[in-house]
Amino acid sequence: MPTNFTVVPVEARAGVGGAGAGDEAVERTEAPGIPADGEPERPSWGDGTPRESSPFISTVDVERESYYEGRNMALFEEEMDSNPMVSSLLNKLATYTNLSQGVVEHEEDEDSRRREAKAPRMGTFIGVYLPCLQNILGVILFLRLTWIVGMAGVLECLLIVSVCCTCTLLTAISMSAIATNGVVPAGGSYYMISRSLGPEFGGAVGLCFYLGTTFAGAMYILGTIEIFLTYISPGAAIFQAEAAGGEAAAMLHNMRLYGTCTLALMAVVVFVGVKYVNKLALVFLACVVLSILAIYAGVIKTAFDPPDIPVCLLGNRTLAKRGFDTCAKAQAALWGLFCNGSSPSATCDQYFTQNNVTELQGIPGVASGVLLENLWSTYSDKGAFLEKEGVPSVPVPEESRAAGLPYVLTDIVTYFTMLVGIYFPSVTGIMAGSNRSGDLKDAQKSIPTGTILAIMTTSLIYLSCIVLFGACIEGVVLRDKFGEALQGNLVIGMLAWPSPWVIVIGSFFSTCGAGLQSLTGAPRLLQAIARDGIVPFLQVFGHGKSNGEPTWALLLTTLICETGILIASLDSVAPILSMFFLMCYLFVNLACAVQTLLRTPNWRPRFKYYHWTLSFLGMSLCLALMFICSWYYALFAMLIAGCIYKYIEYRGAEKEWGDGIRGLSLNAARYALLRVEHGPPHTKNWRPQVLVMLNLDAEQAVKHPRLLSFTSQLKAGKGLTIVGSVLEGTFLDKHAEAQRAEENIRVLMGVEKAKGFCQLVVSSSLRDGMSQLIQSAGLGSMKHNTVLMAWPQAWRQADNPFSWKNFVDTVRDTTAAHQALLVAKNIDGFPQNQERLGEGSIDVWWIVHDGGMLMLLPFLLRQHKVWRKCRMRIFTVAQEDDNSIQMKKDLQMFLYHLRISAEVEVVEMVENDISAFTYEKTLMMEQRSQMLRQMQLSKTEQEREAQLIHDRNTASHTSVATRPQAPPMPDKVQMTWTKEKLTVERHRDKGAGGAVGFKDLFSLRPDQSNVRRMHTAVKLNGVVLSKSQDAQLVLLNMPGPPKNQQGDENYMEFLEVLTEGLNRVLLVRGGGREVITIYS
């Protein structure tokens, strides 16, 4: 559907001060950059300053400040610094350049800008099609394709080429979809993979692609030296074979020497003048095209005028034409090679004696029908003879084979999968177009079209060459890798027209150019990876010369390339770079498949002819080809990529590129959450999903960081952890503080190794915020089932932000939500993650059964290194009517079925009279509560009176614990009064008999239920102290708060008395369901 845009001009606003002012304003708008007073224009920062025209505000200044934000747009001017005008946005997009920042390609910045301004950017043909063609057609076509056809046969060779070309075609389709999904900056395949799959995969695959490109440079250099030493100047070899059969070893030494010198020369050329390499690219491409045209011309010529290229056979064995010209037994040169003298009576080789010498045409022509003989494979072992089928031969014993005879032998063992690994580099190079994305006029149109056309063209060339080679050339000549039967000539060159030197010289320059381009491209790829900062130890390679040339990256590339040169065998280097390229293509397909399946809103490629099934097929094909080529090379390449991935994951810089792996993780998380949404987990799967309640100080720092240490020790990295906190206030006023507090919490979580999520709430009150967290923290079934919080140490102080009222209400909330509650007392004394408790015990005081939390928590703690050496002891309390011996046996059997090892002890707590201390402590508690309710004391006096009562209670309890006689308590509590307060109290309580109320305060009788509760707390505390005072951790059942909220402060006193004198205490309150079972 067509879309129409209408641009509406906005009239200039007139000034407020009459016509004169309006004219002045119009004049200023005509030349906004030159104000009348000569002062520079001040930008408007959108800071909330009013912009209305006012008699007290200079309208000219307002016009000047807001000019560039858009005149007459005052309604939006406060948002201009974050939301630009559409006109400025479109202007930025129009001047966008997708060249990498800080990189000047091969020349000075001024020259490149001038050239860019004068000359148009490259189109599809020059920018993508021809570079891909040059990179795909190369050394394997000229040096190895005829040999692969001879060994594998035409049919299997067609299969090899079809599979490899299908793999690259599917990869090109996936790459086209990724490349057309937005503007592609310079960086090519690495940029596409890293931004689609994330920094970990991007770095791993980018380095694999870099290694593949580097080893490709080594392969091209080895091909260049092989052409030079074998077909151009064999006499240039420095190392000569000292004995018969040593030619291969001498050749390897020559390859190493000449390859190292060539590599050094190329590195110097790349370092000094990269621009000349780029300018010579078309020359190298012309060599490739002319060579291929010469091959097709030679094939056409063989149809009516086959060349006369005789091949000499002894029996059915092919002879290498070394030292003889005429193929006849009577010829002296040939006779001398097989016999120990020139006379007819000389002793000759047995096979030479019993078989005849024949001659056949090496290239019989396309109409000869030799294609039928070359259809099938002829694989052989290393050192086997090249034998012509159908030629009569008299066999001889194996031991009669003599070394040094002029036979053509196979130099390596051949089989199908090995040939795939050698051939695959000939179809690589499909990334050449995407690597030049910064120089293309329209990358989103050129990359798909040019790449796919180049692949189809080269595939057609390869497939046609296979058929034509099989139809024109004799089988033994095809299998002759180095042309020994053709007097050391290149086999494909003998087919070409008008001269073999067209192919030899053309292939020499094309492989030399390809090596130079590999040494040019690989350092830039490494530099791009280093500048991304995802691999820390590679950052030094991001630096270079002043014009951006990657000097250090070039040095590393040269050293890695030298390792390939030292291998010295083209057939051994080719499978190595096949692995790295295949891994790169695999992840290109994976990136496209992931993005397509996720259906992210940003996935909108212009290239529409893709599907996730094609990407998945390409990915599977790449993986299969990796293991087909060489399973051990494949495992080694995957190991390298895996190590790089894990290194980037643990040590690399954090990058967020909106990649597909992040989206895949979110999708998987959503799917898993939806799957486990229904119903609570089974008891066997229950584990504590903890909500940790943290308190913050005035600077938004965490008050009790040991809570997070204890959480990490309890979780040991498993299950869900939500760290929650509450800020008091409104979100509009506190959002900056909330962000700072959340960042502080995240940093502390990283230090304490507490893996989980942070959730901070800004609420009008701490009470409401904590209730919100308990209700709404988590998502779906990934919600907490346990709340961990610290005991409020200063709960008696009324101005404490976490007062006892908030604490008790939080206990009630967790009970109502059927969640377990863990309250850590003296949390600052708990061990850190670095500590190791060498001895001691974790004591569990099991008073009531509330689902088995008390049993499960010590077991989980002892999984962590901090608590691992602590033994577990379980105490339970027997009443008068209980059989303590039977209770111990039952408890031991219960623990046996639970598979938990622990020491068991039953403590008898005999009911006796309530002590005077208990009675008096209860009385003190009730007096304090009633006193603080009836008398409206100031905060300072409340603290003073509360501290007075607390000191007396502590002194009283200490005297009882140490067993001397308790000192007599005073008859009444001494209160501090002022004259003004007394007058106010009398006037306020005159009608209600205030004096009587105060008198009743000191004549209170304690409530009997409170006396019994205090008695239990005192007795139980005494028993726990006697058994567990030296324990590393004490776990206690936490009694529930009273139903009547008037007694909340009494509840806090009970808990205080219950845990008094203990070092580390964890109060545990179950959530109302079983969390541990004896069943499997």
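Every residue gets a Cβ built from N, Cα and C, even glycine.
Keep in mind that this is a model prediction, so the values were computed, not measured.
Per TrEMBL, the features are as follows:
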- 128-303: domain 'Amino acid permease/ SLC12A' (DOMAIN)
- 414-691: domain 'Amino acid permease/ SLC12A' (DOMAIN)
- 828-953: domain 'SLC12A transporter C-terminal' (DOMAIN)
- 1013-1080: domain 'SLC12A transporter C-terminal' (DOMAIN)
- 1-55: region 'Disordered' (REGION)
- 122-147: transmembrane segment (TRANSMEM)
- 159-180: transmembrane segment (TRANSMEM)
- 201-222: transmembrane segment (TRANSMEM)
- 257-274: transmembrane segment (TRANSMEM)
- 281-300: transmembrane segment (TRANSMEM)
- 412-432: transmembrane segment (TRANSMEM)
- 452-478: transmembrane segment (TRANSMEM)
- 490-516: transmembrane segment (TRANSMEM)
- 552-570: transmembrane segment (TRANSMEM)
- 576-598: transmembrane segment (TRANSMEM)
- 610-634: transmembrane segment (TRANSMEM)
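Secondary structure of the domain 'SLC12A transporter C-terminal' (1013-1080), assigned with DSSP and counted as helix (H, G, I), strand (E, B) and coil, comes to 30 helix, 10 strand, 28 coil. Here the transmembrane segment (122-147) touches the transmembrane segment (412-432). Their Cβ atoms form 3 or more pairs under 8 Å, with each pair 6 or more residues apart.
The transmembrane segment (610-634) and the transmembrane segment (201-222) are not in contact, since fewer than 3 Cβ pairs between them lie under 8 Å (pairs 6 or more apart in sequence). Summarised as a single figure, the pLDDT of the domain 'SLC12A transporter C-terminal' (828-953) averages 74.
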